[in-house]
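A.B. asks: The feature domain 'UBC core' is assigned by TrEMBL to B:4-154. According to TrEMBL, the active site, glycyl thioester intermediate annotation covers B:CYS92. Annotated domain 'UBA' per TrEMBL: B:162-200, in sequence order.
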Amino acid sequence: MGYDLNRFEGVVDEELICSICSFVLEDPVQSPECEHAFCDSCIKQWLHHQCICPIDRIQIQPSDLKPVPRILKNLLSKLKLKCDYADYGCMAILRLENLNIHLQECEFNPKKPIVCTLGCNIVIPKDELKNHNCIKELKKIVDDHQSKITSLTSELNRQKYELELNFKELRSLKNFVSKYIKSNQLASNMVSASPTSPTSNLLGLNLTDDDDDDIARWSATLPIAKVIRWGGIISTPDTVLQTVIKRALIEHGCPASILNQLMENAHEKNWPLGLSTLENRQINRSQYANFVCKRVPNKQAVLILACDNRHMPSHMIVEPGNLLIFAHGVE
Amino acid sequence: MASIASARIKREFREVVTSDELTRCKIKLELLNDNFTELKGEIGGPPDTAYEGGTFQLEIKIPETYPFNPPKVRFLTKIWHPNISSVTGAICLDILKDQWAAAMTLRTVLLSLQALLATPEPDDPQDAVVANQYKSNNKIFLKTARHWTNVYAGSTSAAEPEFDSQVKKLVDMGFDSHKSRVALSSHLWNVEQAIESLYD
């Protein structure tokens, strides 16, 4: 639909008027044969009803429409008219070609987006500023975020639960596979008396049920440890300290199959996810009390063995166990 | 109402009211409400036709989809014409149906209706009785049309006094005057046949 004739200065030539809307042509296009010009939106709406020129009934398809000649565009662009917001007080008289640029900037546009300077910095239409309430708007945003957080949290919990199930399944599968390999080895040993097959190591399966039993038996011999100050953990124990602890473990019957792994797990980089960063440690602090900790006798060190801590969520434990060396605070 | 429709009607109304055709061709337009959806049109009967001297009133309703759909027009003044129903005033004219085009205006519609009065299309009839009479008994058709123009459209020229007296005969028998005139017009002014049809 074109521009209202009443907005224009002087008389507008009949040739510049759309015969469909009876206003001054807006985005004009013309039919290819008879060259009658119409507003783009008007002629498209008409061709939706009937594919003929509204003036002389020549057949036209919407795809046939062509841009109007430069002279027509020039004549239109030179017309002078009032701003769209004249009713709101804008006194500007503009050339049609400058209208759109002016409209974007016009101070009289009641819907002009402006930034609230009262504190919330939200962009709002100018005419809503009068009834604008920063607190109300910000509360809306906070509520929005809150509901997003709620839904994300419930999604996170669901994912955690699934992960937990997957861990358990993986563990039982590992057990099954290692038993299977072991029984095969036993069978082949009986035939060829060959040494151990490398397969189990290739699969990263250095834990077996028998090992588990060994660990559990060993764990039973260790005293329960009480950690007074969790803040005393040494996240990166030095070599000397490690050697001392390692010797103590050997002395007190640590199964050889897990000794090296335990020592590696004494370093922060191998800790379970739930303890891996300072931030995670703070989040999970409340769960520490649920750990079953075993004392490395006479040392400021505890073992959180996986076989003792199956009740803990999987992100709080590592296989075969986590060796935590303290500066102080272990009883 | 869609703003494009009311904008068009505003402009078309002005176009008709300010043009010299108002006097030359005797066409008139009157607004019936403020939202430009209902108008009353008026056309003068074209010269040298049976409708000369008559003034015919038209009901014009503008659909919301105007000008993409034609205005709905019917004759309020009773008229004897092959393409206009003598009962309802409904018009059979292609531009008011499938031949409408968005660039047409109320002015062109009124002028087209005037042209229709001058040149009936009996092969595309609205009123079959009238169309039949037009083709088979054109002389009586012209007299009947002139009579209707005289009675209903207020022309003072060429009254048909014998028709008046025939209508009066039936009215004296207790029939409604318009019904009597329709019956007589439909039966070539044969009084017996007209009475018979009125009793049916």
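Glycine is no exception: its Cβ is also placed from the backbone N, Cα and C atoms.
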A.B. asks: List the helix, strand and coil residue totals of the domain 'UBA' (B:162-200) as derived from DSSP.
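C.D. replies: Tallying H, G and I as helix, E and B as strand, the rest coil: 30 helix, 0 strand, 9 coil.
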A.B. asks: Considering every residue in the domain 'UBA' (B:162-200), what is the mean pLDDT value?
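C.D. replies: Mean pLDDT, the domain 'UBA' (B:162-200): 88.
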A.B. asks: Run through the Cβ atoms and count how many others sit within 10 Å of the one on B:CYS92 (active site, glycyl thioester intermediate).
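C.D. replies: For B:CYS92 (active site, glycyl thioester intermediate), the count of other Cβ atoms within 10 Å is 18.
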